[in-house]
Amino acid sequence: MSPDQPGKRVAGLDSWRPRPMCRHRDQPGGLDTHVGSDPRCIGRQRSSGDRSPPVQCSCPGNVSPPLLRFVRRHRCDVRLWQPWLSPGPGTFQSAVERLKRMSNSTVLAGLIGAGIQASRTPALHEHEGDAQGMRYLYRLIDLDALKLDSSALPDLLTAAEHMNFTGLNITFPCKQAIIPLLDDLSSEARGIGAVNTVVFKDGKRIGHNTDCLGFAEGFRRGLEEVLRRSVVQMGAGGAGAAVAHALLAEGVQTLSIFDVEFSRAEALANNLNQHFGAGRARAGHDLPTAMAEANGLVNTTPMGMAKLPGMPVPVELLRGELWVAEIVYFPLETELLRNARALGCRTLDGGNMAVFQAVKAFELFSGIVPDAQRMLEHFQSMNH
C-alpha cells in the first residue's frame, strides 16, 4: 500500500482542522508583523537588507499536531520547516518524506556579535542560497539588542544547537572568547588564534577562520602591485590576528602592530614570528615614526563603523604615498578612507573581506561552493 493511501494515515491527523492562517504585513524597517488571531505566532524578524518576500506565518496552530511532534522530536525549528508542513492533501508520512528530502538542502545559520543590526551578511547568504535552490535562513544574534555580553556565549551556543542551527558566524567582540567553548579548531583557526565561523557537525562544535582567506583575496584583487616592505596595522583583536596572518602570507616584510592594549599587540607579534620567522612582526611603540616609514596602513579596529565614527590614526600621519586598507564595511567609505583618498592614496574598502569570508563560510555551512562573483555583485548592489 502506498504511503498516500488511507490505510497509512496517522491517528489524529484526519480529525485535525487548521485554524485560519495568520497573515503578515510588512512594516518599515523589514519587520513582518503578525496580524492574525493566534497569540503563539512566531513571526519573523528580517534584516534591513533582506528583500525576500514575507514567509508564511509559522504559528503552531497552523501545523498539524503529529507533524509538530515530529519536528520537535527531531529538534527542527518550526519556522524553518513550516512552508513544507502546511495543511493540505496527503498524509503524515508524505509530509515526513518532504521534510527528509528538504533536510539536505536547508541551512539555518546566524551571526553572533555586538551592534550588528546593519550587517549585510544575512542578505548576502540568503540571496546566494536562493540562487543555489536552497532553503537558507540567516539570523542575527545581536548582543547589544539582547543586552548581553560575551559571557552569554555558552548559553547562546547551546541554544543554537538545540534549535538545530547548521552553524554560526562570530564577530566582534567574540572571536577569541568563543575558542574555549569549542570542541575542535581548523588548522587556520588554531594558528591564527581566532574564530569567525562555527560549524555544528556530528555533535561537535568546530571552529574555523575565514577572515584570513577573505582579506587575502580582497588584497590580491585590490592592492596586488603595492609595496610591502613595511606596513602599520591598527588593532590586534580577533579580526586583526587574521588580517596580520594574511598580510605576512601576502609578502609584507615587516608588520608593526598597534593596539590600545600593548600586551595584546605583543602577543600577536610573538605568534606571527613563530609562524613566519623572527622579526617579521613587532608590537609598535611610536606610531608617528612607524607611519613615516610605512608603505601601507591597515585598520582592523571597529573605529570608523557607523556606531563608532572617527579615525584610528591622526589625519596628519597620512600621506599620498601610502596605500590604506579597511575591514569596516558599514559604511563602505569610512572617515579614514575618505581622508586617504583625498590625499591620493590607493585604498581598499572592507567590502572585499566581508564578501570573500562569507564565500568560504557559505561553503562550510552548506557543503556547496557558492558563486563568489555573484555574491560580490549582490553586495555591491546593496551599497548603491
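Glycine is no exception: its Cβ is also placed from the backbone N, Cα and C atoms.
Here is what TrEMBL records for this protein:
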- 1-57: region 'Disordered' (REGION)
- 111-198: domain 'Shikimate dehydrogenase substrate binding N-terminal' (DOMAIN)
- Ser119, Arg120, Thr121, Thr171, Asn196, Asp211, Tyr329, Gln357: shikimate binding site (BINDING)
- Lys175: active site, proton acceptor (ACT_SITE)
- Gly235, Ala236, Gly237, Gly238, Ala239, Ile327, Gly350: NADP(+) binding site (BINDING)
Between Tyr329 (shikimate binding site) and Gly235 (NADP(+) binding site): CA-CA distance (Å):
16
Candidates Ala236, Ala239, Gly350 (binding-site residues) - the one closest to Arg120 (shikimate binding site) by CA:
Gly350
Looking at NADP(+) and its recorded binding residues Gly235, Ala236, Gly237, Gly238, Ala239, Ile327, Gly350, figure out the farthest C-alpha pair and report it in angstrom, whole number.
17
Please report the Cα separation of Gly238 (NADP(+) binding site) and Thr121 (shikimate binding site) in Å, rounded to an integer.
18
Setting Ser119, Arg120, Thr121, Thr171, Asn196, Asp211, Tyr329, Gln357 aside, what same-chain residues sit with their Cβ within 8 Å of the center of the Cβ atoms that define the shikimate site, listed in sequence order?
Leu111, Asn169, Met353, Ala354, Ala358
Rounded to a whole angstrom, what is the C-alpha distance between Thr121 (shikimate binding site) and Ile327 (NADP(+) binding site)?
14
Measuring Cα to Cα, tell me the gap between Thr171 (shikimate binding site) and Gly350 (NADP(+) binding site) in whole angstrom.
14
Which of Gly235, Gly237, Gly238, Gly350, the listed binding-site residues, has fewest other Cβ atoms within 10 Å:
Gly237
With a 10 Å radius around each C-beta, find which of these binding-site residues (Thr171, Gln357) has the fewest other C-beta atoms nearby.
Thr171
